[in-house]
Amino acid sequence: MTAETKKLQSQLSRGESTALDDDKESSYSGELPQLKGEKLQAQAKDVTYLCPFSGPVRGHLYVTNYRLFFKADDDPPFSVEVPLCTIFRIEKIGGTTSRGENAYGLEISCKDMRNLRFAHKQENHSRRVVYDRLMQYAFPASTGKPFFAFSLKEEYENNGWEVFDCESEFQRQGLPTDCWHITKINERYELCDTYPALLGVPSSVTDEDIKKVALFRSRGRLPVLSWLHPNNNASITRASQPTAGLLNKTRNKDDEKYFQAILDANPQCHKLLIMDARPRINAFANQAKGGGYETEENYQNTEVIFLDIANIHVMRESLRKLKDICFPTIDDAHWLTNLENTHWLDYIKIILAGAVRIADAVDRCRTSVVVHCSDGWDRTSQLTALAMLLLDPYYRSITGFEVLIEKEWLSFGHKFSQRYGHGDKNYADDQRSPVFLQFIDCVWQVTRQFPCAFEFNETFLITVLDHLYSCMFGTFLHNCEAQREKDELKVKTNSLWSYINSNILEFKNPLYAPYLHQHVLFPVPSMRRLELWTHYYIRWNPRMQAQESEEQRNRELYFLCEQLRGKCDKLQQEIDSRMTDLEVPSSPDAVSVHSSNSNTQWTASAV
């Protein structure tokens, strides 16, 4: 045992708080399980966790460069753990004149629906040390500390950074074709710094055309290909709003010709649908800011449809209301009324309905669709990703869903750092909004209606959301592909997909039957079919937790299904072997095994 460790233990035994200098590393972990690269920064004894469900619990509080960890002193074992970047606000409660056993301490608000409160004894002087370390490591973007993703030294069997390759994904979709090709015009992110390096564009347009169109689109985000139907050539392209200005007076012939090129790329299509994610009134209002929308008068052979999805500020307020009714207590008597007043499920319904409308147009109507909102990185990502999930069974596999997130969210510049305030102590920033959370919620709603169509389970979706906040991996850091390339995240951090794909059985859906769901999914976006995702939003309430572990049940079901599939495969092999051994009778008097007089049918379906 080192002298430093002995000193730490001695201070703890006297009830003192301890803090480590930044250049020192503690090997003492006590009851704290640590990841490779995780370092203890502060700890305190005689801290009381004010549990909203079971009352005050006394124990030890640890702060590392990754998490806050509280462990109760008494049996049965009880602990609370929060990744530091999941915290969005830390407040001191009480002062030197505060009276009462638990009136002095810290209140911690989290992005995952929790609020935690810890009481400290004033005479121990532990609050200041814990508060200082929490502020340093929970908000690295504000304090200059590195995100934990750069310190994590865990090794995984799979390299998640290799999951997505833009060119390979375009090739999977059949590109290049006579009508679509891949351009490297944005290879240095000079055309549009929030777009990926490789873009799918109509084959008939030149690089000069592309540059002119980008100048007319907000943030340079011109219409580019997201998905191409394998059979009917209908496409989904995504963009930002045109900079048409007041009364849409500013026209751009190059932009209008570009839309015609998208239409011409689908010979079966005579009208191009423009799905504007915004409410019509919001699109009108954007004209005053230099934005706007397409008109059917200026854009020939098009139809403009507004999908009425509210902006980021409305969604942020809706989530705040939802958190208020879910944690710490639930008012059973007024639950349905309170839930309705949040409008959360109303917004989920509207987003899902928009995606279904896009999928229906592309598949059943064989119509190409252009999707945009204002800047094309929030509601647009929700709609294109959900529509592609419904249209393409590949995206319903674990790897395919990872590719979908990498492609439609990460490479196309959804501002993860800004929308979720990674490491930023300015919790009042009005640019924060639960856009990606809503997308994952919509995916969960679809899995409820089609439980056998997805390879991944609920644990997978919750894990993605947990590490959206945790900053343990480099996957969701920064706002666009260009920033991630500049900071070499693929070299300096691990991917979330490395962790998931190295522990794949934990995230597999035992009911997955891909052979039954190679078609397009059309979920019903009705309030009758939607429900609150309680396993996510209310998971911290012990009264809402299932008595049986869902993870354990899924694991057992998965292994049972694998055994049954193995038996089916073995029976099929025996059937094939018997069919091969049967000799075709040479005599016309011989009876065929498929004779109408025979009840034997050697088919897999009989098994």
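Numbering starts at 1 and runs along the chain as displayed.
Quick reminder: no glycine exception, Cβ is built from N, Cα and C everywhere.
The region 'Disordered' annotation in TrEMBL covers 1-31 (among others).
Annotation comment: TrEMBL describes 160-537 as domain 'Myotubularin phosphatase'.
Taken from TrEMBL, the feature substrate binding site applies to Asn286, Gln287, Ala288, Lys289, Asn311, Ile312, Cys373, Ser374, Asp375, Gly376, Trp377, Asp378, Arg379. The Cβ of Ala288 (substrate binding site) has Leu246 as same-chain neighbours under 8 Å, each 6 or more residues away in sequence.
Non-local neighbourhood of Cys373 (substrate binding site): Ser240, Gln241, Asp276, Ala277, Arg278, Ile309, Arg379, Thr380, each in the same chain, at least six residues away, with C-beta under 8 Å from its C-beta. Under the heading active site, phosphocysteine intermediate, TrEMBL lists Cys373.
Here TrEMBL flags 583-607 (among others) as region 'Disordered'.
Per TrEMBL, the feature compositional bias 'Polar residues' maps to 593-607.
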Practice task
Have a look around Asn286 (substrate binding site) and count the other CB atoms within 10 A of its CB, chains all included.
Solution key: 21
Completion exercise
For the binding-site residues listed (Asn311, Asp375), most other Cβ atoms within 10 Å of the Cβ sits at Asp375
Exercise for the section: Using DSSP with the three-state reduction, classify Arg379 (substrate binding site) as helix, strand or coil. Expected result: helix
Practice task
Enter the number of other CB atoms within 10 angstroms of the CB of Trp377 (substrate binding site).
Solution key: 25
